[in-house]
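Engineer: Dropping a structure here in structure tokens format, bear with me for questions.
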Amino acid sequence: SKMTVKAVKMPCTAPNVYTKVPDGGWGWTVAFAFFFVEALTYGIIKSFGVFFNDLMESFDETNSRISWIISICVFVQTFTAPLSTVLSNRFGHRFVVMAGGVLISTGMVTASFARTVVDMYVTIGIISGLGYCLSFLPTVTILSQYFDKRRSLVTAVASTGECFAVFSFAPAITALKEQIGWRYSLLSVGVLQLSIVICGSLLRPIVIKEQEEVKAQPPEEPAETKYMLENEQTRTSIESIDSGVEITTSPSNVPGKTKAEPKSEEPKEHIQILVENNSTPPEPKTKLLDFSVMRDYSFICYAFFGLFATLGFFAPSLYIIPLSLSLGIGKDHSAYILSAMAIAEVFGRISAGWVLNKKPIRKIYIELICVVLLSVALFAFPFASEFWGLMTCSVFFGFMLGTVAGTHIPLLAEDDVVGIAKMSSAAGVYVFIQSLAGLAGPPLAGVLVDTTQNYSSAFYSCAAGMVLGAVFLALVRPCKAGLCQRQQQRAEESAPEVLPDLPDDFIEMDIGKAENSGKGCDGV
């Protein structure tokens, strides 16, 4: 009979309990919250460039010193990813995201009163940077727990909040600055980011409790009656053979039936019970940060993929406008190129989610194809010499960037990498490793540009990093398959030899012996 699960009414603060991954339900609300968290975190970071000229004039600083505000912010955001994982496992995703929203808002509001660029380093770089980490990572982690078959598609679509934020925030902030100035505009952005607290309050925790079907033992007849009937039948069949062999089948001769049950016991009804895992012994406490993923070769390869691929994520957005200006393209047309890249990224994220949602499909190989094509797009930029060439490269790069940027973290939940059980810890370690490339990438590209006096060298360096990332991504699946084979071999070697099962009742075996003996006597 099929199992029926009864819905239990719970308060909004209680966790959602399911017998399997719901692939919907409250997960749609979590996806809605993730859309706005993405918009209010990465969307604001990408739109922060509208303040650059104002900050340079107000603080009388160079472009490089102002750019360190976002560099420090992004580094803190990724470097503190393990801390976000520990706090989420200790206090829950909801509380951590709400605390992150408070930190983001506090840092941005305080920055509006900054008097030096160093104040910006502390307020936006450190305080808001930590808040970005506490808000983004737990949200994408719990969203992956609510979905299984639709995980790739839902995550990709929800992550487009970042792209839509760039469209809306950049022109809106620019228009607001003309009315009230950059300081009050920055203050307004900080107040708007306080709505992350509302998004965090929607992240109800999820608990998966599987139900087991347990069948009661079939009713047994009283032992003495059972064996007396069997004895009568056995003796009758043997006497017809006339072998002269006497077989005793008293309960004492049957292993495991040394004592007869009382005759007065009534036979029990055949029942079927559904038992929840609540009756099982309590599960061990979840580790705050499970470093066992570092012993998984497939995860190590995937982490190196993220490390080198991150080098290729930032180059076009930072250098496409300087590259276009160096080719004699006007500022307005250069802005169109950047907008086209953002539009193409939206379609890339949605397309990747739709493709990865197909079954059956090896998602890690689809990701590998996208990374290879992303490397081709980076190599193509230096060969563009006019507006439409750069526009084509930007659209192609934006589309391929969307396919990778929207799926590389959710792919940690796939069995080819670490699986959904270790998703939280793996995401923290993975983003932490990415922070190293995020901090070293922009200065490295800047050194190459200053040395060669050519912006094409930045694109070549990022393309080389993306190619290395593709190599490590190609090793993820072979490492996972090899690890599984080794574990299976160890299990087979350590498994004890299984003895053949003895018959439950020796009567049949005794009858066989009696027949053989009877044939022997007849032959004599």
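Quick reminder: no glycine exception, Cβ is built from N, Cα and C everywhere.
When I checked TrEMBL for this same protein, it listed these features:
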DOMAIN    27-481  domain 'Major facilitator superfamily (MFS) profile'
TRANSMEM  26-45  transmembrane segment
TRANSMEM  65-83  transmembrane segment
TRANSMEM  95-114  transmembrane segment
TRANSMEM  120-141  transmembrane segment
TRANSMEM  153-176  transmembrane segment
TRANSMEM  182-203  transmembrane segment
TRANSMEM  299-321  transmembrane segment
TRANSMEM  333-352  transmembrane segment
TRANSMEM  364-381  transmembrane segment
TRANSMEM  387-413  transmembrane segment
TRANSMEM  425-445  transmembrane segment
TRANSMEM  457-476  transmembrane segment
Engineer: Count the CB pairs under 8 A between the transmembrane segment (153-176) and each of 95-114, 120-141, 182-203, then give me the winner.
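Structural biologist: Selected stretch: 182-203, with the most Cβ pairs under 8 Å.
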Engineer: Out of 182-203, 299-321, 364-381, 387-413, 457-476, which stretch has the largest tally of CB pairs under 8 angstroms to the transmembrane segment (425-445)?
Structural biologist: 299-321
Engineer: Between 0 and 100, where does the mean pLDDT of the domain 'Major facilitator superfamily (MFS) profile' (27-481) sit?
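Structural biologist: Residues in the domain 'Major facilitator superfamily (MFS) profile' (27-481) carry a mean pLDDT of 78 in this prediction.
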